[in-house]
Every structure is written in C-alpha cells, then in structure tokens.
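This report concerns only the one structure given below.
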C-alpha cells in the first residue's frame, strides 16, 4: 500500500498498520459524519464517526497536555475503560515529558461515545473523553541543519524557532539544531502574548524558542523585530497559519514541497527542496548581489570623480581638456557596461557569511567605500595632473605633436588606472584581490577586451579618437602607473574606518 499525505498522518497510519490494523475494513465499517480540521488555537483536530449500529463516536487528537485535560477516563493495559485518577495522570504526564525531552513530537488520542443523536451541524464536544494513549513522533533533523545554523550565527543572523510543539520538544529539537544556547530564552505562546511592552523589549533579543505558539504570536514577534528593533526579518513557513507572519516579514520564504498554496502566495521566495540549508545559500546570494553592486558603485564613483576633477581643473587652468569626447565615450563604456559585467558577475563565496549583516537604515555607500574611493581618486588625480604639468619634460616631448602625444599618454594612463582599479574593486576590504579571479571567466574576458580595444584605439584609430601612437617606453610607463594604483589601493584598505552596524 502506498500512503500519501502529511508526514504526521502518514506516520500514524503506518504505525497502525504495523500493529495489525486493517485500514480499509475500518473505513468501510464506519461513516464519516463531521470533521473539524486542526485549529492552531485549540491545537487539536476532531472527527465524528457513525458506527454500523447507528451510534456516534467522536475522536480527537492533538497537543498532548490539552487533549489529556479533556479526558476523565483512560484505557488501561487490558483495554478496559477506567477512571483517570491522579496516578494515571502523573504517569501520562511523565510520558509526555520523557518523549518531549527526547525531541519527540507528542500526540494524545481520545474518544467519546456521544449516543445516537448527533447532527453534522452540531459542535463536536471536547470534554469527557477517554484517553486512548500517547505517541511520540520523531521529526528527524535534516543533515547539515546544525552546520547551517552555525553559519547563520557567524554571519550575524539570529535563528529563532517558532512552533506549535510542546516546549520541551521544541527545546530539545532547538538544542539539537544549535538554535537554543545557554543564554537563550524559551517561552510558550500564551505567556509571550501576556508580556508587557517593557518585558517584550527585554525578552525578544534573547528569545530563541517560542513554543505552543499561535499565528498571532508569530506575527507579533515579527512585528516587534521589524518595528521596535529595526531588524531585517525573514520568516519560513509551510502552512496556512504562517501567512500572517509571512506577510509581516521583510522576506517570506515558503516551502515548495510541503507548503500550502496559501503560504506560497504569501511568500516572496519559495524553497523548492524544503531544506534549511537552502536558506543559507539564499542569504549568501543575497549578500553577493548587494556587495557586487557596492563594488560597481565604488568603481564608478572613482572614475567619475577623477574624470570630473581632471577635465574641469585642466580646462579652467589651461583652457584645454586632456580627454576628448570620443575618449570620454570609451571611458564611459569602461565605467558602465564593462565595469558592470566585470564586477556584478562575481560569484558568492564563503567569506560573505563572515560579514556582519547590513542594518535596515545602513548607508549603501559605506565608510569603507568612501575610504577606497577617496584614496584611489586622489592617487589617480595626482598622477594625471603630474603628467599634464610635467609630462613633456619627463618624456622629452617637443615638436608640433607634443600636445597630442601628451594627451594620449594621459588618456592611456587613465584607462590603465581603471583596468587595475577594477581588479582592486573586487574586494572592498580584503587585500587579496586575485582570489578566484580566474574562475570568473566574464571578468577575465572583460579585462582582456578592454586592454585589446585600448591598444587598437591608441595605435590605429588616431584620427577618430584623436590619439597618437606611443612608444614602448610610453606604453610601459602608462601600464606601470596604472598598476601602481593596486598597491596604493591595498595600502588604503589598511586605514581603519568605523564599520556601520
């Protein structure tokens, strides 16, 4: 027999079949009269069946302590119905506690004979039941979850478990996953929702497990994190009762396999494999996109600052701008199109998960970026201005084409400054900018094409680009001055700046 359905129902049905139960025979011997679906507030589900004799029997299952509180009788080891005395209650509660401490989800089963008069319009009674028994279901932690939680913790991401399970079960599972730490707080939903604003402000930063929670509790926690603490909140969920929190969160992640359609519609991202480890990959890619755009903006602002200062100052003081319109167009292509291709296609790496997260109100252009922009811009401006002022004497330029050669030299040096600046911009803080560079084929292709086209523009497109062919000494000087920007960039990165959090 192939059993399809929710994992909990499937496990219970398989257990019944292993005990010798006949599923088909039981179905044919009874008639389903009414079903009350699982309710996240009552934390139970109930059905009413009509037996062949015509009598009705109500069955319910759900949170062990809640169902047990609805019982006044119990089936003993011989299958006889006996009063539920204090000794039996203590035995059942000890069983619940033992199962929960072993990270087992506990469910209690009970039934009640409700006579021959019942209508589908009537409410199912939920008191006076006979306790059938308690089962513990192992919800095994997926491989890699504990490691993924550790990665999130190192990345400054706080992982919290919000569940409807018993608090002991939740604490055991959270401890097994590495979510619950020694200084963390575990609390139940009914207690959580009764806390005052001052108490919540004190508890929430340390809250790691919220058990026996309702959808309102989860929404309340997310709202406080987003508004009171200004945290960026991501919520995972798979059920209809998760929709409130998914809508409230900055990022909603729904499970693609076990998730309901309502949860998927409320989410921003659907996790196709239902694996927590995938969330780490999502975080890594999200950070990669953010950091890559920062790298590109840093590179673009550096180019803009240098072009603006050099052309404006030169035109103001000498009446002649060193970079022509065609040359500026080529610089603009390097700055926008080729720079974007080179820097925004960097794949994510593990170092991204060692960075602190970006605050909700954090500046996109960080202090680190400003430091790099100003340091590199200052170097390039000094070099280009020096060439403008002393280039003729340094390179012994004279004759009618001296100005053209000098302007070409300035243009060539500026372009090679940007070629090496792109490489330096691969890392905004780390000194090793060559790590993994050969694995990014787009980056290598962009750099190669930029150098190739620069050679063509200088050597063969003189009339069009207003350039003059350079000697090998001049080429060597241009490349060396551009390359010198890399150690300058590395030295600038050593300067400490305040990191925004």
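Quick reminder: no glycine exception, Cβ is built from N, Cα and C everywhere.
Residues or ranges marked as domain 'Cation-transporting P-type ATPase C-terminal' in TrEMBL: 321-495.
What TrEMBL lists as transmembrane segment is 404-423 (among others). With a cut-off of 8 Å between Cβ atoms, the residues of this chain six or more beyond the transmembrane segment (404-423) that come close are 299, 302-303, 306-307, 310, 322-324, 327, 330-331, 334-335, 339, 342-343, 376, 380, 383-384, 387-388, 391-392, 395, 397, 433-434, 437, 446-447, 450-451, 454, 458, 466-468, 470, 474-475, 477-479, 481-483, 485-486, 489.
Annotation source TrEMBL lists transmembrane segment at 443-463 (among others). Non-local neighbours of the transmembrane segment (443-463) in the same chain are 330, 334, 338, 341-343, 345-346, 408, 411-412, 415-416, 419, 422-423, 426, 437, 469-470; each lies 6+ residues outside the stretch with a CB under 8 Å from one of its CB atoms.
Non-local neighbours of the transmembrane segment (475-495) in the same chain are 371-372, 375-376, 379-380, 383, 395, 409, 412-413, 415-421, 423-424, 428-431, 433; each lies 6+ residues outside the stretch with a CB under 8 Å from one of its CB atoms. What TrEMBL records for 475-495 (among others) is transmembrane segment.
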